[in-house]
Amino acid sequence: MIHEVPEDFEPTMEGAIEFYKEGWSREVIRKAFNKTIETGEPFELDLIIVTHTKKEKWVRAIGQAEYVDGKVVRVYGTFQDIHSRKIAQLKWEEEQNKFKYAIQGTNLGTWEWDIESGATIFSERWAEILGYKLSELEPIDFQTWVDLMDPDDLKVANSKLKSCFEGESEFYDCEFRMTHKDGSKKWIHARGKVITWTENGAPKLMFGTHQDINHSKTKVQEQAILISQAPLAIAMFDREMRYLAVSSKWLLDYNLGDRSVIGKYHYNIFPEIDNFWKEIHKECLGGASRSSKEDKFIRKDGTIQWLKWEVKPWYEETGAIGGVIMYTEDLTEHKLVAEKLNISLDAFQRNFENAGIGMAIVSQEGKWLNVNDKICQMLGYEKDEFRGLTFQELTHSDDLATDLEYLKDIVAGKRQTYQIEKRYIHKQGYEVSAILAVSVVRDSKNTILYFISQLIDISAVKHAENQVSKLLKMTQKQNERLRNFAHIVSHNLRSHSSGMNMLLELLEFEHPDLFKMEIMTLLKKGAVNLTGTIEHLTEIVNINLNESAKKERVDLTKIISKTIESVYPIAQKEAVELICEVPPETFVVGISAYVESIVLNFITNGIKYKSPERDSYLKILVEPHEDDTIGLRFEDNGLGIDLEKNGESLFGMYKTFHRHKDSRGIGLFITKNQIESIGGSVEVESQEGVGTTFSVFLQKE
């Protein structure tokens, strides 16, 4: 593998970038990747990585963007090991490029720049273009070039140098003005390339040329000024189809906004251009002229454009073709108006007739001009019958004033639409509840033509609302009766059972011999059990009645710590180790008293049902759960529960699974009710003879 990573290595995006050598390589790939995500522009870069075994390698990284609905959703690509080839290439380029660029300078000035030291080598022709002998400029270094540069162009030139140094552009290509010996400004076309890089990926040696383009540049600029001010959509291109000039109308028609296109390739600005246009450009660059009064084109984004256009060559003073000038007139808006109108009318008519809701066209006076089948079905009239009626006649008398008030606002221009809930009267006399939406259609003089009404039958919904309201009232009455029952249980029955217990205790005190009889013992036990049952029943009823009680922020860590402190003597006596692994400041949403009861019940159960056969423990911990909940776990190595036998009745009332003097079979039942009343849930895992884990899932704060 290129990265020499182990087999179990799991790649990540950030991890992949970290493999690139710190500095130039890492910054270039990061910028290229981010640019692809933002603009979709692909990249192909030769960079240095540091493998898992700390070896440096040259690699080629190629990335492409994947689009969905016009947006970049993924970047994919390939990765190549080019180390040996790259090292050889760099050495070869260092020697060959100097020679290659030097021999091209028949009438070009050449320059060589040691970027690290700033030392430069300029040819005699380089100085001659600016009216100097090379000796007149000595001592020569990079600052010589800066001093001769027009200050207004220096920023652009430096920006293009930076782009070249950072690997964004392979070649340095820039046009700027330099000061001639006679004080005039001369246009120079500079081209160059970094031919040697340091081991750290920094530019080391650069070689290039200067070309005198002053005369042609001046002529082109004169034409560009005229084109930029033209009221038509005009663009001027060089022989490579790069923009030399463009009018404001061109930028507007092609949605280019303030985008700078000068110097950029036409086919990069419009990548959707097909071979039809490319052939026309080729023919015109060969001297032909082409035009059309009307052509239809499909843009990359799927939009259709109709154009009137003309393309013809422009000539330099020498008679050579310098490029092409293109004129276009966007006919799209005019061309599509009629088509859109026809489509719109057809679509409206189809929607009107086949809509799943009632639709009608109503006059300003309220007459039904046209209705669809759905309205006929809703109100029971035939279409011909509607034409002899007004909406006022079919509106419930209690709802008419509201409807007319909104309609009055539309007529006055205060609103364009309105929506209300109202009742209509069916042909058979019963009410039909509906949601009415009304919009207005006006002509070019703002005169009202008609209203479009949309009706949704909500009679079934209103009926359901009434049923729900009845059920709500019934439930409220049942809850009130349940509260009364709870009052009876908690006060009346408790008073009677308490009195019974007191009488039995008094009888036992005065006649202890009677309680040696089995029947008296059973009577006393029954009275005690009755009292316990009444207390349990009261608590269960109160839990159900408090389900809607306001929940609050509960400090789970504090409650667990407090509970452990209170039961610690019992745990110590029973030799059960209590282990709390709940992190500090763990909060849940609930009712504090219920959370305390839940925690207490599970902790005391863990102590109560310990195993005598091994060292016992109860571990309490919290773990993340899905969405906005946390899992509170109580793990013990106690007696365990046979879930196959008792699983369905585990949380049932008065269900016990072990013989223990304090077992009542009510604790888990009450605890489950408390958990559910605060919006939680509980699960259990258990194996008899191994231990039990209760997991309580509560809303995280």
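Heads up, the Cβ atoms here are built off N, Cα and C, so glycines get one too.
A TrEMBL annotation is a machine prediction, not a hand-curated record.
Database features, via TrEMBL:
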- 95-168: domain 'PAS' (DOMAIN)
- 172-225: domain 'PAC' (DOMAIN)
- 291-343: domain 'PAC' (DOMAIN)
- 344-414: domain 'PAS' (DOMAIN)
- 418-470: domain 'PAC' (DOMAIN)
- 488-701: domain 'Histidine kinase' (DOMAIN)
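Confidence in the domain 'Histidine kinase' (488-701), given as mean pLDDT, stands at 77. For the domain 'PAS' (344-414), the DSSP-based tally of helix, strand and coil residues reads 41 helix, 12 strand, 18 coil.
Using DSSP to sort the residues of the domain 'PAC' (418-470) gives these counts of helix, strand and coil: 12 helix, 30 strand, 11 coil.
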